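Participant: My questions will all concern the structure given below.
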């Protein structure tokens, strides 16, 4: 998505070797008009799938997920993040390891909002090491629901996230694909 | 907003004396089409104000805030919640006391995203005891920005939130105003 790539070039800040800060339009301050266009891109790509639900993780996934849900006119469920959680029978729970923070968090979704009838589109802000998407995929399996596709705002193709997903034969659309950071600049994959 | 009231009546669950669970369309599962309509209601009410930014708190405020930002075509900033936070010069920080959890959290906003030029519309999912709105108001004061209005999805008028705000002469729009829970049913204020 050219407009997103231009925005990353203009407003993204590269920190160290593998961190891209996009808190001026995606993670802390959000550009709703851009989010709306991203939702429509995801819709165009996945519109032939019988999507019944969009799934994401709080908080940065919510804005793009809600705009995608608006395009599909289906509910959006955002998984809650917890440092710890008391297991109970009302929730699906999965682990999400953070490579940057070197901690494992739990994510959870109420069983009321995901069932085996659901055809799910996962939307998330980043695909890097693939831990959040793996946690969501795990929850979809627990619910016996069908994963139809994965939509990512920014993928870092030099990290191992996509490898984790690719062998499952799930269609993935990443709106911006970064192959490297070079001298503090973002280098995108060719389209 | 009649559609929201009908939805609360249909899908809201009253727990105990003063808790309303709306996690099937607002707090955990989100109805994006309803959120979009709510964003338009807020826009219609506050469109004469020179809004430059919409402010909310993660996570439940994000969906209605982003839809409001879409209508105004202005950025949305969501405050981060923290159990504790190391004070630093890059962030505005305020306390938010939770009456249900009996704990104080910190909320923070990067100084990059709020300044004295900003005219702010606060959007939040609930107005009950007014602690989240007070925290955001405090941050707006720290930034020397102008608070132009407050948009609330669900107000519980029998709690003291509005009293905290009313004396400041800030326009408030609550899309649903609940005056009581009676035998497990929601009773709305007359319009």
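Every residue, even glycine, has its Cβ placed from backbone N, Cα and C.
Pulled the feature table from TrEMBL, pasting it below:
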| type | residues | note |
| --- | --- | --- |
| BINDING | A:20, A:27, A:156 | xanthine binding site |
| BINDING | A:128, A:129, A:130, A:131, A:132 | 5-phospho-alpha-D-ribose 1-diphosphate binding site |
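Help me understand the surroundings of these features in the structure.
Facilitator: Residue A:20 (xanthine binding site) falls within a strand segment according to DSSP. Every protein chain shown contributes to the tally, and the Cβ of residue A:20 (xanthine binding site) ends up with 18 other Cβ atoms within 10 Å.
Cβ neighbour count for residue A:129 (5-phospho-alpha-D-ribose 1-diphosphate binding site) (all protein chains, 10 Å cutoff from its Cβ): 19. In the three-state DSSP scheme, residue A:129 (5-phospho-alpha-D-ribose 1-diphosphate binding site) is classed as coil.
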Participant: With a radius of 8 angstroms around the mean position of the C-beta atoms of A:20, A:27, A:156, what other residues of the same chain does the xanthine site pick up?
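Facilitator: Result: A:12, A:19, A:21, A:22, A:125, A:126, A:128, A:154, A:178.
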Participant: Quick test of understanding: given the binding-site residues A:20, A:27, A:129, A:131, A:132, name the ones whose C-beta is under 8 angstroms from chain B.
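Facilitator: Out of A:20, A:27, A:129, A:131, A:132, none lie under 8 Å of chain B.
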Participant: Have a look at the binding-site residues A:20, A:27, A:156 and say which one has the shortest Cα distance to residue A:130 (5-phospho-alpha-D-ribose 1-diphosphate binding site).
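Facilitator: Looking at Cα distances from residue A:130 (5-phospho-alpha-D-ribose 1-diphosphate binding site), the smallest one goes to A:156.
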Participant: Whole-number answer please: how many Å between the C-alpha atoms of residue A:156 (xanthine binding site) and residue A:128 (5-phospho-alpha-D-ribose 1-diphosphate binding site)?
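Facilitator: Each residue's Cα considered, residue A:156 (xanthine binding site) and residue A:128 (5-phospho-alpha-D-ribose 1-diphosphate binding site) end up 5 Å apart.
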Participant: Looking only at C-alpha atoms, tell me how far residue A:20 (xanthine binding site) is from residue A:128 (5-phospho-alpha-D-ribose 1-diphosphate binding site), rounded to the nearest Å.
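Facilitator: With distance taken Cα to Cα, residue A:128 (5-phospho-alpha-D-ribose 1-diphosphate binding site) is 11 Å from residue A:20 (xanthine binding site).
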